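Novice: TrEMBL lists B:28-48 with the feature region 'Disordered'. Residues or ranges marked as domain 'Beta-ketoacyl synthase-like N-terminal' in TrEMBL: B:36-169.
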Amino acid sequence: MQPLAIRAYTATTALGRGRDAQADALRERRSGLRRNDFGKDPLDTWIGRVDGLEAAALPAAQAPWDCRNNRLAWLALQQDGVIDAVETLKRRHGADRIAVVLGTSTASIGATEEAYERLDAENRFPADLARPRVHTPHSLGGFVLEALRLDGPCVTVATACSSSAKVFAQASRLIDAGLADAALVGGVDTLCGSVLFGFNSLELVSAQPCRPFDAARNGLSLGEAGGFAVLERAAAGESGLQLRGYGESSDAHHMSAPHPEGLGAQLAMRDALARAGIDAAQVGYLNLHGTATPANDTIEAHAVAALFPSTLHASSTKGWTGHTLGAAGIVESVFALLALERGLLPGILNSGAPDPNNGPQIRFGNAEREIDYAMNNSFGFGGNNCSLVFGRA
Amino acid sequence: MLSASIEGIGFWSNGLPSWQAARDFARDGTLPEGAPARPSPQLLPPNERRRAPDTVAVALDVALAACQAAGRDPKTLPSVFASTHGDLGITDYMAATLASDPRAISPIRFHNSVHNAAAGYWTIGAGCMAPTTAISSFDASFAQGLLEALAQLAAGSEAVLLVGYDSAATGALTSVWSSTGLLGGALLLSAPRSGALRLGASLAAGEPPPARGPLARRAGGNAMAPMLPLFDALALDAPHTADSVILKAGPGRVLRVELADA
């Protein structure tokens, strides 16, 4: 792949809005998790909730797209110069040459759930929610394309928790194939009954704030987030942050349990390193998928130990944000880019007793140092894996 | 223009349970007798075959048929699964159960509710560790899936499996969506080579013309119907009957698909 310049990037999570809010909380080791206060009958768990979504509004012309997920999409787009970067690219290349590739796992399903709670006597959706396009997975992509007046290829990727990492790979291919000159990538997922009660049905939700890679970890904390990055072909000789490689694979094992030896995870990481043309030893920071479920973390730690030297600083940041599902890929890519840009290598929050299965790569404490490459792992249901490599030119 | 060879085709719709049945119907209106009500994807073990959601059953059935027609081992192939809605029956189940008794959600229905359920079952059933993806783009889902498959070929993949599928709306969802029947179509695409049917595609401004082919008329109520002009053209031997096929590719955008013998 050609290196892609990152013209803008941002995340909005339970830690706040935009990059500085993320970096400050990571540096200060301040979690965004709170006791679950979502919905009318909350499960006993902790969540990463974004404040202010209930009062957020879409542009008047896009009011038919209104729902919690699209409100978070719009809020996240307002941060860190993303819209300005898109406008600049639109003038440079034309609106039809900018791809929109966004990831989500549940899209606007929260709006569908609400409609089912308020069905009328004929079992029909209430009038205020009888807006078909909100009740389908492409609600996110459709809204963003229209709100930003873009006209290029537009896709919503929905591969569960790897969704908004895979958008970087798909955008890279669209640009390499000449179908676009630039891309807006990212992802949004919001809290809803489907994920809270769904993960609860799998007995994967912890009653405490999640503790990734801790010996006594007992499940995940769910969160919501949105994030975006603006990608363009890098010019020869220019400096700045870049996407250098991606790797994708399948576990071929189980719908909701990872491959016991982490073979799929290893394949994705090896493929990303190969595409970036670097050795594992050159990676300075790896943001792990690290959901804090017993199986996931053991297998990921094993896969990382099989590939990387003990000098690698690897961590899961789920203790700060919760597991933001289809948005995890973009949020944790933003954390990897912050590590590259600011030399801020987060550790792990809430965890105190390392699992004896952890390799020396898994670090609980923060570190600060300059690095050349940062990597991000995102693994989803269906055994769907994606790893990304970012570098600095 | 991006291009590929079409090595294999898979198809299933209500009453037309194979590509051969679809071709026969398109050419002379023949309907097979005793068509099964539901696909039975041979890639899954028998107990899972019965339990699989409709969308998984149809997607795996057409995917395997396309691989077999091409003589390709599914284990080695990257794949792109495109669906407008995922499984509307499971969405209806999830939303209805959450409204009545949220703690009763079935864990299997939950993990089957992800949009990449078919892609996941495909890779598990085939023992395939190559990448797969699951995308949606409303009524442009198939065209955007075709673009992604062609982009993968341009990026160096030797062959890619593309699958489009959707199911019927059920329950209260029928008040916002009218998707009917079960429909799946698959193409095994490879780097262009001589001797195989060639497909070329390019994006343009515009809207597709009304779909008038026999498959589009028969299965046009399904949410994946926007793919049918291409399958109609393939069934009717398009290289000799049509210059190009116009597929919906987004708001005001089309994908112009040209078919030719190579």
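Backbone N, Cα and C atoms are what each Cβ position is placed from, and that goes for glycine too.
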Novice: Near the region 'Disordered' (B:28-48), which residues from the same chain, at least 6 beyond its ends, have a CB less than 8 A from one of its CBs?
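Specialist: Same-chain residues near the region 'Disordered' (B:28-48) but 6 or more away: 12, 14-17, 21, 54, 56-58, 60-64, 74, 121-122, 125-126, 182, 184, 214.
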Novice: Reported in the order helix, strand, coil, what are the DSSP residue counts of the domain 'Beta-ketoacyl synthase-like N-terminal' (B:36-169)?
Specialist: 72 helix, 19 strand, 43 coil
Novice: Over the domain 'Beta-ketoacyl synthase-like N-terminal' (B:36-169), work out the mean pLDDT and round it to an integer.
Specialist: 96
